[in-house]
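Features as listed in Swiss-Prot:
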- Cys122, Cys125, Cys213: [4Fe-4S] cluster binding site (BINDING)
- 47-52: motif 'PP-loop motif' (MOTIF)
Amino acid sequence: MQEIQKNTKKEQYNLNKLQKRLRRNVGEAIADFNMIEEGDRIMVCLSGGKDSYTMLEILRNLQQSAPINFSLVAVNLDQKQPGFPEHILPAYLEPLGVEYKIVEENTYGIVKEKIPEGKTTCSLCSRLRRGILYRTATELGATKIALGHHRDDILQTLFLNMFYGGKMKGMPPKLMSDDGKHIVIRPLAYCREKDIVRFAEAKAFPIIPCNLCGSQPNLQRQVIADMLRDWDKRYPGRIETMFSAMQNVVPSHLCDTNLFDFKGITHGSEVVDGGDLAFDREEIPLQPAGWQPEEDDTSLEALRLDVIEVK
């Protein structure tokens, strides 16, 4: 009995620590990008997955202590996919006292009609879903639309665009919607997926499967996701360093003429961002930038990232 109580206390301690970290990550993202302002009405897009449940829970938590007032309304889109459990979200939200709206639109039927059997339906489905959510935001008087993409999603998108699209483009933490009428925010932008997975399991969220439509997953994104997970396992801190790099862009040391006026450089021009360090041996920090070992990560040793010495 004592052993059970001891385990329960430890689990609660770990959950509190995890929630505190997620809350800190979300709070920092909100502050850094001015995501939420006084009087905002936030439409929280709730799919029934681990990410959107976590986003709603952390925003509700922050709402109680934030120095500004803002309201939340959870919105779920019932796309009439076969087997969709309509009762789950109302049963979860009503006891919490969360305002919510279930929007019923048969996008599943439209997608099945337009996309050949066996092909990935995600692109068309997401466009239809986006339009419906924008319309719903207007109907509800929402000033912001919150999506549940996290740090790993942002990095995956960056590498997808670099590997397959030939451009350095990630997923913005805050943007103007396609119709030019709504501000979209991603409060989980600084949150690690593995933290969200652990939090969702500990909170026992009633997860709704994401593949009810039967669509095949995006294989390219899966390749990137597997690659990043492998890097994170073999080189602790590499993911944090790459995300930190997205926040420390040096246009003068890339090759985009739209970001930096290379043609304007003449004799006598000032040195920009250190000039040319390509021929100097740079000091590589033992601990990757942006990474701090956690209290419960005692099994991880600080590893130097692979460095190729150019002779």
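Just so it is clear, glycine is given a Cβ too, placed from its N, Cα and C backbone atoms.
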Binding-site residues compared (Cys122, Cys125) - highest count of Cβ atoms within 10 Å: Cys125
DSSP-assigned states of the motif 'PP-loop motif' (47-52) in counts, ordered helix, strand, coil: 3 helix, 0 strand, 3 coil
